[in-house]
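Reading through the structure tokens given below for one structure.
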Amino acid sequence: MHGITDGTYRLVSEYDPKGDQPKAIMALTDGVLRGDRWQTLLGVTGSGKTFTVSNVIAQVDKPVLVMSHNKTLAAQLYGELRQFFPDNAVEYFVSYYDFYQPEAYLPALDKYIAKDLRINDEIERLRLKTTSSLLSGRRDVIVVSSVSCIYGLGSPDDWKAQIVELRSGMEKDRDLFLQELVSLHYIRDDVDPGPGKFRVRGDIIDLVPAHEELALRVEFFGSEIESLQTFNIQSGELLGKDTYAFIYPARQFIAEAETLKQAMVAIENELAGRLNELRRDDRLVEARRLEERTRYDLEMMKELGYCSGIENYSRHLAGRSEGERPYCLLDYFPEDFLVIVDESHVTLPQIRGMYGGDRSRKAILVEHGFRLPSALDNRPLRFEEFTEIVPQVICVSATPGDLELERCGGVVVEQLVRPTGLLDPPVEVRPVKGQIDDLLAEIRRHTAKGHKALVMTLTKRMSEDLDDYFKKVGIRSRYLHSEIKSLERIQILRELRAGDVEVLVGVNLLREGLDLPEVSLVAILDADKEGFLRNTRSLMQIAGRAARNVDGFVVFYADVLTRSIMEVLDETARRRTVQQLYNETHGITPRSIRKSLDQVLNTTSVADAEERYRRKRFGLGAKSGVQSAALLHSFTPEESYAMVAELRLEMNEAAIQMEYEKAAYLRDEIARLMHGLEAQSDSKE
């Protein structure tokens with residue numbers, strides 16, 4: 001809302017860089033200032049990579065985009081960076097859908113699934129705040145984003161052209177200003193104004209900018225703006241006077257009237273051509289369907305300047321050619337911005353895979369007359385387009401992938417020393433013969449100290465059998481498999497930490513950020529069977545799960561020293577040497593990370609909701625006809641929203657996998673649960 005001048009970063013922290021951090025900060029900063037396009041920070045778990053990156057940001061003084069591969073990690077990074085940079089613009093840009101069922105068509109069943117969604121108003125506000133900050137002209141902007149940043153947005157030039165500048169004392173016609181607000185997609189609401197709305201009381205116009213929480217009061221005297229005041233829309237408390245303010249659009253897709261008119265002509269022309277094709281091929285059903293849908297959208301654009309799904313016409317709105325890449329958040333940055341890719345070994349492949357999945361779904365819609373072919377150009381960036389746009393990139397990972405190593409020429413900046421002084425756990429290779437008896441002895445040795453163990457097998461069947469065997473010989477074990485969802489997984493980890501479980505067994509226990517300080521033993525059976533879960537990167541990741549305990553130990557059961565095993569042994573030995581030397585030089589004694597049982601219970605309490613929900617929903621509750629919403633009365637509000645969030649994650653995953661019927665079922669389940677939550681809230685009021 002307020003005009004903002006250029007700023008510089010001010011890093012706030014009670015800690016100073018130490019260990020490998022000063023060296024890494026200097027190397028990365030020099031690389032950015034030197035103009036290096038790609039750099040990679042190899043930082044072991046717990047070495048303070050976010051703090052290192054924050055120091056680099058503060059020194060290079062560029063607008064920054066921080067990319068993460070999921071919303072949860074993005075939210076964590078957003079929170080950390082806001083603490084490090086409280087005086088700068090740290091923004092959050094992720095998908096604003098609480099749930100999202102994409103438009104789809106199943107030809108085999110002749111079933112159309114309409115797009116359905118629930119937009120999170122707060123995240124939408126934060127997204128608008130992001131674009132507003134980037135176009136405000138300030139340089140001290142850090143945007144934390146998921147891969148949503150590579151999906152299509154409106155033209156930044158069109159968006160910027162619509163910004164309305166207000167100054168106290170300027171000549172401004174009141175009615176013209178109201179028309180400008182409507183053209184920016186602000187809605188008049190004289191009863192309950194909120195973000196993106198305004199109310200009119202004579203010569204006083206109150207509005208809440210779409211990206212702000214505070215309101216702006218514009219007082220007119222004739223055709224002049226007499227005053228601008230910021231106030232709290234809820235309490236009415238005046239917070240201060242302003243000399244000037246900027247009003248930004250309330251939507252991300254926006255076009256000037258002339259641009260919209262030209263786009264509608266282009267849409268009409270494309271529709272006519274496509275209808276001729278369909279009718280020529282005697283596909284009359286598809287032709288009728290396409291004509292009805294498109295003409296309805298055109299009518300909405302004519303009357304309102306907007307329509308549901310307007311992003312599918314973004315090629316015409318932006319005046320782009322067929323196949324030309326769409327505008328996205330990256331286009332809102334100045335030319336010299338810096339990109340930081342967190343967990344790059346996961347995030348970069350995710351970016352590479354976005355285009356194909358999106359195209360395959362939309363191609364079916366186009367083929368069967370639900371969308372014009374131009375909808376295919378409302379898409380995420382191709383990986384090649386992404387790499388062309390970004391001027392400078394720092395990849396951050398404990399195990400950098402081939403994509404980033406290739407672009408960095410194999411040169412990485414290392415950060416191997418942890419602030420706690422903990423060393424990478426030693427790795428030992430033992431023969432396969434007698435591996436179960438040997439493993440059992442190791443487990444008992446570690447659990448006798450109160451520690452826990454992770455065991456990775458080659459197949460699901462082997463994991464189940466081993467879990468059964470451990471139970472028979474008195475080991476408290478649990479089998480963790482791929483079908484277990486997030487909250488249930490948290491419940492199992494809670495049992496592990498609380499002492500109810502001593503051993504976790506599974507095929508793939510590889511989870512970035514799996515924080516288990518109680519684990520001192522990691523065992524990998526059949527480690528010499530090369531494959532995705534036995535390659536160098538995977539073996540290093542899973543071995544790192546024992547790196548939070550001073551007694552950490554890793555054992556590979558293998559008869560053949562594969563290339564992957566040898567690389568892990570060599571890399572572990574190298575890291576331990578560096579870490580040991582640093583500890584000896586600085587008199588540091590390694591200590592395990594400690595967490596109290598109260599901390600464990602507090603961080604995993606939402607798992608109780610999952611257990612009660614599943615027991616009631618699919619047990620007694622289901623038999624007695626109790627609806628989902630009614631079950632929420634036994635949950636705390638925090639547990640209820642955690643349950644809804646978990647189901648949304650499952651629904652989004654189903655949609656990505658094109659399991660549309662499952663996603664639709666979960667969508668309906670979420671709607672019932674949300675209805676119950678709203679009913680609870682109303683009853684309390």
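Positions of Cβ are set from backbone N, Cα and C atoms, glycine also.
Other Cβ atoms within 10 Å of the Cβ of Gly43 (ATP binding site), summed over all protein chains shown, number 26. What Swiss-Prot lists as ATP binding site is Gly43, Val44, Thr45, Gly46, Ser47, Gly48, Lys49, Thr50.
Taken from Swiss-Prot, the feature domain 'Helicase ATP-binding' applies to 30-188, supported by sequence analysis.
Taken from Swiss-Prot, the feature domain 'Helicase C-terminal' applies to 435-597, supported by sequence analysis.
Among the features that Swiss-Prot reports, domain 'UVR' is placed at 641-676.
Annotation comment: Swiss-Prot describes 96-119 as motif 'Beta-hairpin'. Here the motif 'Beta-hairpin' (96-119) has a mean pLDDT of 53 out of 100.
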Return the single residue from the binding-site residues list (Gly46, Gly48) that has the minimum number of other CB atoms within 10 Å.
Gly46
Within 8 Å of the Cβ centroid of the ATP site residues Gly43, Val44, Thr45, Gly46, Ser47, Gly48, Lys49, Thr50, which other residues of the same chain have their Cβ?
Thr52, Ala398, Gln415, Arg418
Might you list, by sequence position, any residue in that chain lying six or more from Thr50 (ATP binding site) with a Cβ less than 8 Å away from its Cβ?
Leu77, Glu80, Leu81, Phe84
